[in-house]
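Chemist: Before anything else, here's the structure in question.
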Amino acid sequence: MKPDAHHVKQFLLRLQDDICQTLSAVDGANFVEDSWRREAGGGGRSRVLRNGGIFEQAGVNFSHVHGDAMPASATAHRPELAGRSFEAMGVSLVVHPHNPYIPTSHANVRFFIAEKPGADPVWWFGGGFDLTPYYGFEEDAVHWHRTARDLCQPFGDDVYPRYKKWCDDYFFLKHRNEQRGIGGLFFDDLNTPDFDHCFDFMQAVGNGYTRAYLPIVERRKAMVWGERERNFQLYRRGRYVEFNLVWDRGTLFGLQTGGRTESILMSMPPLVRWEYDWQPEAGSPEAALSEFIQVRDWI
């Protein structure tokens, strides 16, 4: 089957609706929608939930942009894309909870197609989800990775290990020499064996996010926390900001293509702190995080 961008777009719009409804039901607060247009072509729907019962900020963004020429960030590694028009669409979300015992979560699914007359289209899917805890709980990590493995299983025994490793490699702060969190799944440039197979997998990842995350939220939301835990959460959120602004390809692509800055930076935590050369107290729960986020096989 030839690539069907319209079909993908309809799924992504439904996915945004489903995730927002699910998160709102858990939190009790509603998302505010901001529809926007891109002068160079396309637009999107940005939805943000602020200061809810559980989530300090949750952003779920749909975007569909198109243009006559590829940006430098895309053609640098793929010269075959030069001179092609393109469409890029996706749903991207980040959830920052109030409670430091609830991890931050991120998910993204996307589709890209570039075309020119007289040539076959160049297309691929990408996406994944990853978890960033502030205090580590093994049962949460096992559940997160088991959900990821189970959704990958129908697509082959090698899919979960491959995309888990890719996630571990991608969400790594080189300047800190540390992982951003405990990973999950990350895939990109997926275009084999055919469109239907790849689209099915992207849908499985998108639909699997809430199954992976919400049981963890339910387990941790009633845990009591105070100023110490909050300060550590804000400090660790700094790593999130550093990764997104320095290393994340999606952020750089969005800014280089003239994307909507407010939507691109919606992933940023609402509050964050840096402290020069801060070190956790030896033997403390905060000190245990550095070991907890080391790459390992959770299941």
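Positions of Cβ are set from backbone N, Cα and C atoms, glycine also.
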Chemist: Starting from the substrate binding annotation in Swiss-Prot that includes Asn108, Val109, Arg110, Gly258, Gly259, Arg260, which of Ser85, Ser92 is the extra site residue?
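Modeler: Substrate site check in Swiss-Prot: besides Asn108, Val109, Arg110, Gly258, Gly259, Arg260, the record includes Ser92 out of Ser85, Ser92.
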Chemist: Looking at the binding-site residues listed here (His96, His145, His175), whose Cα lies nearest to that of Gly259 (substrate binding site)?
Modeler: His96
Chemist: Taking the Cβ of Gly259 (substrate binding site) as the centre, how many other Cβ atoms fall within a 10 Å radius?
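Modeler: The answer is 22 other Cβ atoms.
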Chemist: Using C-alpha positions only, work out which of the binding-site residues Ser92, Gly258, Arg260 is nearest to His106 (divalent metal cation binding site).
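Modeler: Closest by Cα: Ser92.
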Chemist: Among the binding-site residues Ser92, Asn108, point out the residue whose Cβ has the most other Cβ atoms within 10 Å, with all shown protein chains included in the count.
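Modeler: Output for this query is Ser92.
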